[in-house]
Each structure stands twice: as structure tokens, then as C-alpha cells.
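Visitor: Below you will find the structure I want to go over with you.
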Amino acid sequence: MNWIISFIVFLTPFAAGSFQASADRRASSAVNITVTSAGFNSGSFATFEVNGETLPLTSGRGLNVVVLEKTGVMQDFRVFDTYTSTSESAAFATFMNGLPDGTLVAIAVRSDASSALTTEAKHAVAACGGTQFGDLGFQDSWALVCLKGGSSLSEGFQLRDAGPVVTTALYAPEIAALQGASISLTVTSAGFKAGSFATFEVNGETLPLTTGRGLNVVVLEKTGVMQDFRVFDTYTSASESAAFATFMNGLADGTLVAIAVRSDASAALTTEAKDAVAACGGTQFGDLGFQDSWALVCLTGGPSVAEAYRQNDAGPAAVSYTSSATATTSLDAETTSAATSPATTTSAAGTGATTTTTTLAPCGLFLCPVGSVLDPELLSSPGSDADACCTANDESVDVGVQSAGYDDGNQAVFFAAGTSVFAARSRGITVVVLQADLRAKSYNTFDTLTEEGSDELEAFLNALEPSSDLILMGVRDEGSIKLSAGAKAAIKSCGGTMIDSLGFRDAYALIGRKNGTALAEAWQKRSSGFAVAVTRRPAIKADTSAVPICDAKVAAPPMRGTFPQNQLQLDAGCRYALWETPGALGCLQGRWVVHIGTSNTILWWIQFANFLHPGAIRPIRDDVSLGQFRLADLVIDQGVITYQKAEMPEDCLPKVKHDSEVCKAAKAALLSAPSYSPTAVRLTLIIEHYWPNTGSDLDLLQAASSGAWGGKMAVNAHVVTHYVYCMVMKDRSCTMAAYKQDVTQEENLGIFRAEMEPVADKLQAHCGPEAAFKDCTVATATVLAWQDPRYNDFQDVIRDVMASRGSRDLRLLDLALMGQSMPGEAIRGHGSPVNFLWAVQILLNGMCPLDLAASGNFAKFEGPTCHATDVANDPNFDNCPEYRDQACGPDKTHHWCMDWECAADVPCKMVATGGSIVQANLTGACFRNLSVSFEEQTASSDACFRVWCLEAAEVPITLVALLPALFLLAWMWQWPQRLRRCCKAKQEPKEEPVEEVLEQPVEEEASDSKFASVTEATLNKSATAPVDVSPRSKPDMDRAVTVHLGGGVMDEVVPDEQAADAGEIHAVMAEPSAAKPAPKTPPKAGDKFPLGLARFIAAVHVVLFHLYAEGVTPDVYLFGWGFTWVPWFFMLSGFVLGNGHECRPNKDGILQYTERRLVTVYPLYASTLLPALVIAKGLGVQKKAVVLAAQTWLLQAWNPEWPEHALGAHCWFLSAMLMHFLLFKPLTWCFDRLALRGAVLTVCAVFALPWLAVIIPEALQARLWYADHHWGETDSTIDLVVIFVKFNPICYVHIFALGMLMAKIRKLVDGNVGGLWCRVVLESLLPASIVGLLLVFMVKDLRPWGYQITTQVGLLLPLQATVILGLAGLPSLPLPYLAQKASHLDFLEPYAFSYYLFQGLAYSLWPRGGYLGGSTVLFLLFLFGISVISVHMIQKPAQSLWTKYPNSRRGVPVLLTLLLVGLNYIPAAGPGAFTGLEAEVRHDAEMVDVRLPLTDPADDLGGVLINPSLFIHEGEVKIAVRRHHLESWEHIGEHNGSVVHVIEQIWHSRILLGSVSFDAGRWAEWPKTGVAPFAASEVSAWTGLRSPSGQAWRQLCVRETFLPENNTLLRKVTTGPEDPKLLYSDGLAVLFNSIPPRGRDGCAPAETVSQMYLAHLGAGASPAVETTGQRLGCGFRDQDEKNWIPFAYQGKLHLIYTPGPHKVVAVDSEGCRDLYETAFEPLKRLQERHPELKARGSGQAVLVNGTHTPNLPYPHYLALLHLAKPSTGEYKHFAYRFSAEPPFAMLQISSELPLQTAAPARGGAVFAFGSGLLLQDETVVISYGAGDLEPRALVMNLQRLDDMFGC
């Protein structure tokens, strides 16, 4: 990529310079300057070139500045890193402002310069003539050549991802000729789409010219008097271009010329015309495109004075030249001020043109904080801080408008009370209406460059009613061109008096009221800076100190509330007083505070201790770490720690129910150790898991309180968590077996109550003013850790027990309610420091007098680990380095290296300050109760993802296939007897039988791949060799044989001569022993191999493996080893064919031999392709034509991109078969020369060769190198390598050769061995091999080393090879006993191949999907029936025909190719074909549900498109959607060195992008017509997405869960990103969630969770443009993060982190910032009633202006949420509204959205998932996925949706 950028950069100066052919007209002293800038995504570089030489500079990130002498010699070079530091921006501004006027400067951005850019820096650039710097965004490219204090000589700007920008300028002293003349010149050009006009303004007066299409040229005297005006229509005629060039070349050097394009000037533009402009200094004219805008002011023969260029739809281009200063005006009043930026003019001969620019930011652009206001006397004075610009004022706040035209900053900003209310994002006049409380009521921008925009502005203002509302107006860019008289009158009705003066790109600001006078108004002429209007309004105060203090000395202090801005805002309407350390120590002098509980209690105690004495307790340093102590004591006396101890007392086990007497004595000794001091505070912590020991501790404490500490003790009991661990979770950490019994929840709660009540009674008896304990509290669990309603039951028991016992002295601290108020402050089931510091505050409120509390009312927390997110986003514990080094050691994942301890290790300080909570404007809020029912959920349709679905048909369909098969077998059973009688009649009586050794049939191969998805229409992942048909030569047949071809039997008598001519005549099917009496002596083995049973069993085992891998069979360990027969079939093929060659070498050539071999298998294979294609089409799977063509020619395994995408992918073995046939002859030539020793050594070498595939990865510690590949993926090198190893025929040649060598050795050994020992060995081979294999297949601990790869390349073959040898025996010796018995079942042999081949079709035809269970046997019988029928009805007739017509058969692959490729062009069935959902569901006249017309032509694995997101951008509908395909398989694997059963779920996921134009007229009619206003759109994979490391977004972290009770490893693999949401944030972007990509060191176990990422799309939103997905650190790294709702506020990206509570975060260059948190009472009550329900966000949020929503007629945001029930996987969807201003409180929730639901393909609850929200032309489009099946949209008009919000 970098070389392309470099090449572009290299060519660009020449492209620009090609129009400078008339350089001889320039002065010899001219300096040619080229500056190149590249933002981060565009290459990240900056270069400076002077007169063709690149300056030798080391550029850096940020702003690179070169100062040049007038001769081009470099004077200075600086780099200012304005990405990281505002101080760098300040240094840049200081440097620029310090340069003398007239200094020649070049500036370029590298990487990014915007993140820390200040207003001062922008004004410093404006002082050098830069006009586009104000638009600089993140990682944009920008370059400038300018004269300090004058105009820019050249400027260039490119958005991020749009590539580098190159700007070229010529500086020459000839421009000094203009000095001394007083002239102001403005030239504006507008192409056709920008307005089609051209204007020339001199000294404020527009020249009265009739401009025309093309180039408009004005020739001026130096005084500004027009000399000539011409129009050249270079749109239509090249002759006009020639005339223009002639005219320009005829002008004298130094002539002042102004040129502007109108409509279009490019169509007939010639090179001569471009050269003429280049001779006048124009550098951008060469880029002029169709209908672009371009303007130039220049001196002929010299450089340009000013030049501007904008593409066709980017608006007009304007330039201005001013040779003297202009005046400024201001309007001041007591409470109303208007100002403009001060202008400075510099003019020096020879330095270039000058312009009016702002040198320093005026105070009018500064926002004074609350408590101060702008000083009206200082509005125009320079200043950028409160000291320079503001005066103190608590009673008033500023309300203002800052406006700047395109040349002066190009912005319109509206502010109130020190905060920006709105920032206009587009040109025109923006109107903001503020209510009396200064909250925005509406904001609208009207493009008054068009008549339509002017009319809309007029109508809007006229519709406003007189009220107290403030009306703010501001111009951005341009607001005057089409501003009508009616619109101006409407503005005047709001108090405007200066609007008639508004000119092109002037600035204008107004604050007024309808039918009132202006409160402030400002107008500033173009190039004169900002216009600022400011007025003061009374301050609206929200004082939390006015909220009453809660009474914490009650039985149950209030705890329920929300947590906005880290403040506990209670529903009770009161607040708790805040305590700081001094007041708390004063209160607690002489007191003893005891905490009893477990891990959360430890954290509470630590925070209490560190609150009283920062740094007093650190977990590891002080041994206060769970499991390390039982009792800890701390005494703080007058700020000094005088006693500290953490002990594990003798015989004190931490998890027992009753302590021993020894333990109690040790505890008592420790409790009595510290001596009393009236100024000391004693804090004690006792670890207890259960209530009985807590009661014992109270007895010990009561005894200890009899001393000096008596009457001073406060006790807090916090015991519940371990009851849940034991009784609910059955956790292994629970040592109380009695608590883990399988009993009902009611029984568990009864036990809990029975053990708690005696302790509560004891506390009630001993707590009181005169009792042993002065203050007692019982607390519920702080954090709702498990989100399980059963856990809440224990909390309810505590509440119930305390309800009758609570008092002022014994209080219930319901920390569970407080934890629900701040759900984000949980760390793995533990409270954060903020959580427990609030618990400390509440505890102090109940113990201490209020006069010692702090005066502040706003809690501020200081520390690096105060919040849960601080540690969640710190996986390496960098925020607690000392804890990390002490507790974690080198392994940061050590069990006791806990993030919640890390948070407690670093002190978190709470400071009570002044402040207020941002109050929500709840106008229009509806608080009706929410009720949701998840009962009896039914799908909107009955989905079926198979050819048919009817479980009741399993038995009938089995019988339909099996009965005809049995009939055929019975009929075929008689044929061997008839054949024997025929052969016997032809046998000569005294002639010795001549053994006719026939060459054997082709061996059909297999693979070890998994069973395919049902949507493949076949088991497309099979990888098991189809079964070879074994040879059976017959001694009593010398004139006739049964032709047995490749698994099919052709019953035909063939003479020897014909057999020889036919090549390899195949083995005879075994005949029943009943046909002939058994011989008295065992027959010799000869060359008849009884392999039929073995072949068939192996084929069945492979099929069972495929089913097992699919997860549809019972969990039988044996099934998981079926894939090991893959290499056995290849070896068997080599053995049978090799034996035939050893007996009678074949004389055919290589090709002839290969063709005859293929006759035995190709017909049956070909017969499967057509039905497989038809089924695939019916299930919506589109195949690639090239793959179909390849597999008809048996080439599918050669290209790694083909085998996993083929029809019947399990038939890849035919490619290997073809290669084996081709190599068979050459291999025989090699092996014929081998003697026994050479053959044995070669076999050993072949057996050893595959070990390299295990040894090398093992040495590289990459044993599972192949595990990164998932079926169907071909994106990476590892994918291609794995597919190559699995399928490529080359990888199996050695196994085929091994079989041939075994046959040769068998022949060489025969006759040389004999005797009893030999017979014993032969007899034992088969049983030994069977026993050995069964042990491996059934005993988990006997798995071979490297077994996961051995079965791929043959390392288990030695055992399996003995099966062949045990069945074959030696020719001259009797056939082994077991082999003889096996021969009786040789009739199964011809069906093994078809059994394997038809497994995919059979499974597709099976009427039941999912788990087969007991139906597995029925399916196997059904498959057997199909196999028998196919052999006799397809294979035999086809072979007969093929043998009879050898020439015709060669055309079959050609015809088959044409047929399959032709049929492939028939579109596959749409989603409705198998989901059962209607394409359109009409709800009413204004609401319709439709299937979105999206297609994915690249998918051929049966994936579906779900969860779409739509967005309107640049006149098109942009589409993001997720491709989803779920696959599961089971296999044998490893975990921590042990063999385990692995259940692997693979979530194939990928984001696809697309765009399509739409019909705006049809869009508004969509709810009524149901017809989408855009055509069917193809979406493409987002291949450009890159991980932060720069790699493709794949190889994600894998989530594994080990279940030791059944030795099962659950592995969830996700292959790509999920659930995209399109949004606009500095350009089009995608928000998505994903499991993190693996880093360099892999993944930590806690990081295998979903996280949220943001990626910006490049120009055109092309899916191939590389862009990086950046993690948004708003949440937790160790918890699943998803379903965030993005929305834009004031041009910045915000996110709804959770709907309940409604938590809003902001995203900027520094990361995420928590902003606001509010609660919607109805949703909060619902979640409290049903804690199992989770409120989650959906889609995006869109801004609604409120004009068409009667139920909320104010500006607001519209968003989606869903209530999920995780236990069932059900969802309920709702729309909701939240306020348009901070704190963005939820206002209304709609009734349930009627989305179409469906059950997912693999079963489960029916559901729909809302994924997108789009509002366009008052039409609402809610996009969603129906049951993970198809993309849909619920479409309605805004009014119809509003009806669903009725309160």
C-alpha cells in the first residue's frame, strides 16, 4: 500500500506541473514549493519539496512547520505534536504568532494533529490564510503554503481514509506590484450542483455582469476598475477552450485577472487552456472535474493571489483578496452583547497578497463556566481563559451564538450556561429554540443556498408562537444566496435588524423572541471573523445541599436509588451527609467497629481502614487476603497506627460451621490483645462463612467488651454469600456437604433462616445504648453477583428476619439495593472501592452526629482504581503495580491475583465538594407500569430447514428404503448358485484349476472432516474414504467371472479373452457357503481377500463419526474415532491393486488404465450431483460454478479453495483416487525392482515419514497449529495449508504406496516362511489388531501421542494395517480362521461404497433434524436400503452401458459440467422457502413487516443474513448485516494433557457491507405499499477490517469450559465480528461486538468475552478498504459487552451503555467517559420484580424534532431496547424515547413491537432480535433478524409509532 501512496505522491506534483508549460513567462526568482500530508490511514508521512528537491527532514506526528526564505532556503523546522498535548498546540500558536509578517511558511499534518488542537492554534493558521484548518478531523490530511499575515498561496485538505493531500504553490515577488492599491476582491464559483452561478465583488460591490456557463474571466486594473469581461463556454466546444487560451496568453504579464467557473467548464477543456491557467499561477485547475466549482485571482505570468476548488456537490468555491484592512463593528449593552473577531491586515511589497484574518481568539469565543459571565467590554479583546474574559456572577448565565462563514471558521455554535447546546454540522441558517429553563426545545438547520431551504426557514419561523422561548439563529458557511424576502421578514419578526446586510459567506448571529426585539444580534462581513451575540439570563440552580439529610438511625435506612455522576440519589428524596477523614475520626474516637463476613466484607473493612488512614491496609502486604487470615485487627490513634495484626488462629479452619474450642480460645486472646485508648479507633475483621460461627463470635465479642472497650462497640454482620455458593451454585469451594444436598429452594431457605434467626435474636438482645454493642447492623450482599433470582431469595430472608427485629440500634443495611443502584460498580461479584466507600458513608450516618459531617454535598472520588471499570480495563494490573508484583508474580493469571484485590490495594480517596447533579427534564415523561409476559411463546411461522420435516415418518421412510433392499438381496442370493453350476459345466475334469487372479476394484477414499451442515444438502464435511470392493479370485472359474466394478456387481459372464481386453476384471462377490460343501481341510488363502465385512464396518464407523461430529447421536466415545479409517481405505486400495499387479501385470497404458478404473465409480458418483444441487438450491445455498465444474472432472481437492465448498464435499477422495490411478503404473515400475529388504525398508520409511507432521509442530510448541482453521474459511495462509493437508491427493500418495508395498512383501515372503509359528502369527494378527483398535477407541487413557494429526497422515496405520494382513493371510497358507468366518459376509462388499457415497443425500432426505438419539439406528438402516437400491438400480445398469459404449462415456463429464453449471444460474430459494415467514406481513394501513431484499452471492456454505443495520449517507442506503452459520461437532480432544470429550460450537460470523440507491418518493410510501424503496442489494464481506495489530479480523479468542464431572470440554469458537450498527462519527462508521482477536501472547482466560469495537469506513464505504477496529473501553474487559446504542450529540459520539439504569458515556480520542446515569421508574420496578429479566439496547438512536409526535411534542431521541430472559433465550422488543439534552433521561417506553419471530435452525425458543433503527422522511424502519434466519424490517410512519407511546 505504501508504494502506491508514494507513487501517487510522486506523480501529483507532475500532474499539477503539467499545466505549467508556460513557465518561461514566470519570473526567474520564483520558488516552487510542494507540500504533502498523509494522515494515519493514508500512510502517515509529511514531505516538503522546494524547486524539485525534497528537504532532508525527520517529520513527526502532528503539525510539521517549515519556515523558508524568499529564495527557498530553509530557515527553521519545527514539529508540534498536537495529537497528545494542548501545550503543543499552545507552542505552535506562539511560534506562528511570533513570525514576522510576510514570512513564507509551509505546514503539513502527519498521522493526526486534531486531537489536542486548540482554538488558538486554529487562529494562528487563519492568520496565515488557512481556511480549511478549522474542519480538520481525526487523522485527516492537510497541507498549507502561506505568507504570515497574508493569504494562503496553496492549501489542501483530505478526509481520513481518502489518501494523502498534495499542495503546490509558486512564490514570486511580482505580486508586489499590487501593493499600495486599495482593493478588496471576492470571486465565487458554483458548479451546477452547487447552485450554478459566478459572482465578482470589488470593494463590496458586486459587478453587474451576466455570467454564463463555462469560464467567466474578469480583467481588472490595480485599482479595481474592470477593464474586460469574457465568457468561454468550455462545456460544449474545444474552440472555446482555444479562444480562452489565446485570450489569456495575450494579456500582458502582471495583469490582474479573476476567473470563475459556472455550471461546468470541464467537458471540452483542452491542455492549452489548462496551460494558460497554469501560467497565471493556477495549481488546482488540472483537477477540474464535471460540474466542479473553481475560482482564481492571479497575476498573469506570476503566481496566483488566491485559488479555491471544490468538487461538484461540495458547495461553491470562493476566494478573496484584500490589500488593506477593513473595519469591525460591535454592539454592546448592559446584558446584551454582540461582537466580531478583530481583524489584522499586513501588507509588504514582494510578500504576496494580504487578507483580513483573526490573529488571536477573542473572548467572545470563550465559554465562561457557571458562576461567571462574559465581560461585555471584552468580547472583542483577545483572551482564552476565565481570568481574561469573565467576571464573577452567580445570578446570571450567558446564552449566545457564535457564527462564522466559510472563510472565517465555518461554524455556528449555540451555548447556554457555560455549555455548548448545539453545533451546526451543515451550511445555512440554524435555528435553536430554548425554553425558559434554557433546555433546547428544537434545533433545525435550513440550507438557504437553496430556495427550498429558504421556504422551510420562513415556514418554521412563522409557525412559532409568541412565548418566553428564546430563538437563537446562526449562519454557518453561507446563508444568504437564496434567502428570500419572506424569510428575512420572518427573521425580523424574531427581532432581527441586520439581516438585510447579510452577504455571501458573512457571519450572522441573533438571539431574540417571536414578535419581540433582539436580545443580541451581530453581523460580520466575510473575512472579518466571527459574529458573536451574547445575552444574560437568570441562573437556574440545582442545589443538592437543599435536599434534606436522610435519617440513617432507623430500622432500615433508605438505600434504593440511582447513581448519576457517582452520587447516590435516593428514591426517598433525601441524601446522606458526606464524611471526610477528620470528621469520621472525631466521631469514632474510643469506638470499636467489628465487621463479620467474607470477601466482600474484607473489601468493606479495607476501605473503612484506608478511609480513616490512607494506605493503612493493603491486602498482600498486610496478609489481609482471602484464605490467608481469619481475624484482623487495626488500631488508629490520633492519625497513627498503633496496633495491627492479621492472624490465622490455631485450629481455625475458615470454612467451617462450628469452631473448635481451641479456635475460640485463640480468637478470644486476639480480641483482648489491643489496649483501650479514648482517642483511638479500633477496626476488627472476622472471616465467617456461616451464621452459627457468627453467633459464637458475638459471644466472644461480648466477653471482650466487658473491659475498657465496653459500650463502645459497633458490629456489622454481612453473612450470606457462601450459603449461595453451597446451596444454589453447588460450588466446589463449598466444604459443607450438607449444604450441597439436592433439595428444594424452600428447604435451603428454611435452613438459612433457622441459622440466622438465633444470631439476629442475639444482636437484638445485646445492641442498644446501655448494651454491650452500641450500634449493630446486618447487611445484605453488596453485589448481585450471579443475576439469579434464587440468590435474591436469600436477601429476602434477611429482610424478613430483620423486619421484626430492626430498630435504631439494630439496623438493616440493604446493600443489595444500593448495589442495584450502581450495577456498574461490580468486580466479579465484589464491590468496587466506590461501592464500599458509599457503604462506609451510610454506616457513619447511622453512628455519628451530623455536625461532624463535611460541608460539601457532592462526592468526588480520586484514585486510579476507584471504579470497577478502572480494573476491568487493566488486565496487566498496571494500576496496582505493587500488588501485581507481590500477588501475581510472573503469572498474572494466578488464582489469587484478583482484580478486586487490586482495586482495594490502591487507596481511593473520597472528597466532599460542592456541586450539583444534572437534573433531567422530564417534560412529557410517561411512568405507566410495565408488564411483560414470556408465557407460551410461539413462532410467527413453522420453520423447516430440511427437504421435509415430519418426525413421525422416520419408521415408514426406513421401511420404504429397507424392504426393497432386502428383496434385492434375497433375489441376488440365488445368483452365486446359478453361476457356480454354469462354471462347473465348463470345467475340464482332470485339468488342475488355474487360478485366475483378477485385478481389484478401485478403492474409494475418505476424509476425517466433520459431518456437514444440513443446509449443504449433503454431509459436505465427510472425509472418509468410500469403500473399496475387495478381490475374490475363483480357482474353479477359468472361463467365466462375475464382473465386480467399484462396489456394483455386474452379473455378466465374460470369457477370459474379453476379461483381458477389458483390463481389470473385478472381484467376485462371496458366495454363500451353503452352495458348496465345505472342504475337509481349510482352503489356502490365495488371493481371495474376505474384506467385505471389514469394508462395510469401516464405512458405517465413518458415517457414525460424521453424525457424532454433528452432535446428533448419543455420546458414545467409540463413534468419535470413525475418522481414523480414512488412511486405511487408501492403504487398502493400494494393497488390492498392488496384489493384482503382482499376480498378473496389466498391459494397459496409464490413461487407458485410469479410464477403466473410473468406470467402476464415476456413474454412481455422478448420479449424486444433480439431486445434491437441487437440494442445495432448495435450501438457499448458492454454489460456485467453477467448483461445480471442477468436481465433475474430479479436480475439487486440488485447489484449497474448492473442497470445502463443493457439492457432497465428502467425495473429495475421488480426486485422490484419480491421482492414484495415474500413479499406479509408475509406482509399479519402481517397486518391481525392489527385493524383500528394500521393500521392508521402504515401508519403514513410509511409516516414519508422517511423524514429521507431529514432531516438527511439537518442537515449535504448535501442536494444534491446524485448530485455527474452521470449515469453509480460506482467508489465511493457515486455512489454505490445513485444507491442503486434509484434502490434497499429494498428501495421501505415500499411504497408497504403502498398500502396494504391503502386497509386494506378502508375495515375497510367501513360500519362505511356514511352520506352526507362522500359522500362530497369522491367526493372531486379526484378533490382536481388533483388540488393539478397540482399546484405543474405547479407553480414553490409551490415546496415541499426536493422535489428532495422526489420523490425517497415517500414524495409526500400523495397527490398521494388521487388519488387512490378518484377513489376507499368505497365499500358500490356509486362510486364517476369523478371515474364513468373515468371508460369509462378503456380500456386503459392493454396498460399502454406496453406503458412504449416499450418506449426505440420505441425511438430507431424513425427516428429522437435530438430535437423532434412538433414531440413529433407523437412519443407518435407511441409508443401507438406499445403498442397496442404488447399487442395483443405478450402478449396475450404468456400468453395463459404460462398458458397452466406451467412446460415448467420455462425453458424460462434459455434459454433466454443462448441466450443473447451467442449473447453477437458477437462483437459490430465498429465506422464506425454509423459514416459513411471509415476505410481507401487514399489521395495519400504516405498519408493515417485510423481508429485506438482501443477497449474499459469495456464500456457498448455507449461511444466513441476520441483524441488519441501515443508514442513509450520501444519497444511498448503506447496509451492514451479519452472515451467520452455526456449526457444532463433537470429537476426542485434549485438555491440560488429558483426553476429553470435546463439544465444539462454531459460530461462523462475518459482517457484510453494501449500498444501494433509493427512491425518496417511494420511501414515504413504504409503510403503505410494503414495497422497499430500493432494489435488491448484494452485500459483500468486510474484508478490509483489521485488528489493532494490523491483521485480518479472525483467529479470535476461544471460550472453553471444562466439566470435570463428565470429562467434557465445551468450546465456543466465533470466527468473526457480530451485529454491526452503522452510524456517523467523523464519517461513516460501524459499531460492532466481537470476541477479541488473539494477541501475540494468545488470550487470557478472562478475555474470551465479547467486546465493543468501532471502525471508520473509508471513502465510498468500500468493504475492501482497510480500516482498524478499535476497542471502546467503556465497559469491562472480563465481561461480555454488546448491545450498546450509539447516538450523536453536538457532533460527538455518545453511547447508551445500559438502558436500565440509563447510563450514557461519551467517546473521544482519550477513550470513554462516563457522563450520566438515570433511572426510568417503570423499568426499574419491573427489573426488581423480575431480576431474571435483562434490559439491553438494540440498534441506534435517532433524533426526532417532535413535530409529528403528539405524545411527546418536543425534541427527543428515539431508540430500541429489548428485555431478555437468558434462561430461555426469549426477547421482547420496545421502542423508547429519551431526552435530547443531558442527562438524557428515559421518558417513555412503547408497547411491545410486533416483530416476526421464529425458532433458530438448531432449535430453541422462538425470538427476533432488533438490530437497527432508521428515521427518514418521517418513516421509521426497525431492522431486525428473525430467529437467526433472515433479515427483516418493521416499517411504519412516525405518527403510527407515536400511537404506541400513549400514556
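Cβ coordinates are placed from backbone N, Cα and C, and glycine is handled just like the others.
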Visitor: Among 332-352, 437-457, where does TrEMBL put the label region 'Disordered'?
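Guide: In TrEMBL, the region 'Disordered' feature sits at 332-352.
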Visitor: Would you list the DSSP helix, strand and coil counts for the residues of the domain 'ILEI/PANDER' (427-515)?
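Guide: So the domain 'ILEI/PANDER' (427-515) is made up of 24 helix, 28 strand, 37 coil.
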Visitor: Grab the pLDDT values for the domain 'ILEI/PANDER' (61-150) and give me their mean, rounded.
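Guide: That region's mean pLDDT is 89.
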Visitor: Give the residue counts of the domain 'ILEI/PANDER' (61-150) per reduced DSSP state, in the order helix, strand, coil.
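Guide: Grouping H, G, I as helix and E, B as strand yields 24 helix, 30 strand, 36 coil.
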Visitor: Establish whether the number of Cβ pairs under 8 Å between the transmembrane segment (1158-1176) and the transmembrane segment (1412-1434) reaches at least three, counting only pairs separated by 6 or more residues.
Guide: yes
Visitor: Counting Cβ pairs under 8 Å that sit 6 or more residues apart, are there three or more between the transmembrane segment (955-973) and the transmembrane segment (1412-1434)?
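Guide: By the criterion, they touch.
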Visitor: So are the transmembrane segment (1089-1109) and the transmembrane segment (1412-1434) touching or not, going by 3+ C-beta pairs under 8 A with a sequence gap of 6 or more?
Guide: yes
Visitor: Is the count of Cβ pairs under 8 Å between the transmembrane segment (1280-1303) and the transmembrane segment (1205-1224), pairs 6 or more apart in sequence, 3 or more?
Guide: yes
Visitor: Cβ under 8 Å, sequence separation of at least 6 from the ends of the transmembrane segment (1412-1434): give me the contacting residues as numbers and ranges.
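Guide: Non-local partners: 954-955, 957-958, 960-965, 968-969, 972, 1047-1049, 1100, 1103-1104, 1107, 1112-1114, 1163-1164, 1167, 1390-1391, 1394-1395, 1397-1399, 1401-1403, 1406.
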